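Only one structure is covered here, and it is reproduced in the block below.
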């Protein structure tokens with residue numbers, strides 16, 4: 001859309017229409033001293049100067065392109081095919097918004113519909129919405145759905161200590177003002193204690209929803225099929241927060257009996273960009289569809305029998321019965337959802353399997369190498385995907401400083417989120433970590449710096 | 001338009017059939033006709049819940065609109081119709097029969113004061129065109 005400012009002639013015409021002489025007359029009601037306050041702004045730069053300054057600011061930041069990255073913990077460094085930027089930069093798509101007259105933008109709606117279909121397939125669920133802000137807010141929307149599903153009669157939301165601590169914190173923020181809702185997270189004791197079995201004992205008749213992460217925050221994988229049966233036997237809903245890349249390789253949440261699947265969609269072709277904007281995945285079983293928050297695009301036919309797309313089931317969103325809606329959220333991450341749809345279409349089933357397999361294999365290669373370094377010990381004793389926790393011989397912050405000196409971005413210092421995990425690093429490996437980079441990482445960890453050129 | 005003699009009616013187009021201390025509640029033929037094809041029914045109370053007259057008991061959603069349903073009479077819910085939840089189109093087919101929504105019981109008797117009889121409801125509907 002072009003921005004065309006008013007011309008002087010138009011201004012004069014408007015002033016004449018309301019019967020005043022000048023713009024000063026228009027603002028006469030505002031005391032003079034407030035009318036044009038002095039704003040201490042920079043006097044301006046030339047484009048060349050501004051460009052140089054922006055470059056300087058950007059260079060002060062460390063990009064994953066400049067280092068060898070072993071940091072994950074919810075945001076992952078994957079390859080983003082060049083075609084993605086090319087397609088999403090098209091003028092027709094380059095907006096984060098679903099237009100306010102959505103049906104006039106059939107291309108936008110079709111993009112969302114394709115995204116929903118892909119997410120439903122990937123998670124093994126019957127329906128997916130048009131997306132939420134990010135993984136954490138999608139988790140919170142799941143909690144709100146569960147609250148409404150039981151009409152506020154079940155007040156407990158049980159969260160695995162294997163859920164990303166930031167997601168749990170966002171759920172707490174969203175849900176703390178819902179009447180009587182309480183969030184229960186068993187205290188983290190040790191990595192070995194973060195299991196479905198230990199969570200199962202805490203499910204009771206008060207429980208509205210049980211939430212786990214798959215793979216969990218520490219990379220652990222469990223088959224939740226039996227656990228889902230236990231949750232359902234207590235009458236509660238079972239929600240899984242997933243890493244979509246992992247689903248290229250693993251049994252789907254749908255196969256395991258999940259009622260709701262949420263997750264962070266960033267790994268699907270979305271850049272790390274300092275933590276956002278990301279993409280909240282949200283899928284559910286068909287019988288929950290009317291309680292699913294946000295927007296859902298459906299396929300139909302128009303009055304000439306041609307295929308067409310519409311926003312569907314909006315009666316409960318914000319238009320007709322907003323006071324009865326599960327949630328009044330109606331933003332979706334349109335552009336990032338489109339990115340995920342393009343990424344998944346581009347890779348295809350086989351490509352996604354390959355990416356997941358590479359992540360898995362490389363992470364296991366790295367874990368095996370690291371476990372042989374004296375003083376380092378891999379804590380994961382159950383199957384894991386592309387992330388694992390390592391007990392280190394020194395504080396992680398010190399090790400990371402040393403690694404960075406060698407051009408390596410180390411893993412997350414887990415003590416920052418879980419104080420009892422002193423000297424424990426959470427390491428992520430993706431398809432972008434070459435064997436050489438992993439070998440280098442292990443070499444620096446082992447204290448051997450002879451071959452280092454930097 | 002069908003109206004059953006002997007039933008009681010609310011201004012919100014719910015009907016009540018009283019048998020002893022029990023009452024059955026549903027929505028009327030006029031209501032289903034103005035909503036058109038019903039695609040979704042939610043009953044938001046369950047057995048054992050105490051309801052007062054005018055309490056929300058559920059929602060009926062058609063291709064055109066979503067409408068709240070209130071109980072016109074007070075009591076304890078003794079039954080909710082599961083089959084109408086599974087087959088929302090029953091409301092279009094048989095609003096006064098198979099598509100009842102809930103049954104309530106009140107040992108002090110069902111209070112129908114403030115409700116219309118069939119004759120009054122017929123006039124009320126005609127007045128709305």
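Cβ atoms here come from the backbone N, Cα and C positions, even for glycine.
TrEMBL has this to say about the protein:
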DOMAIN    B:22-105  domain 'Lipoyl-binding'
MOD_RES   B:64  N6-lipoyllysine
Helix, strand and coil residue totals from DSSP for the domain 'Lipoyl-binding' (B:22-105) stand at 16 helix, 36 strand, 32 coil
Model confidence over the domain 'Lipoyl-binding' (B:22-105), as mean pLDDT, sits at 94
Suppose we draw a 10 Å sphere around the Cβ of residue B:64 (N6-lipoyllysine). How many other Cβ atoms does it contain, all chains included? 14
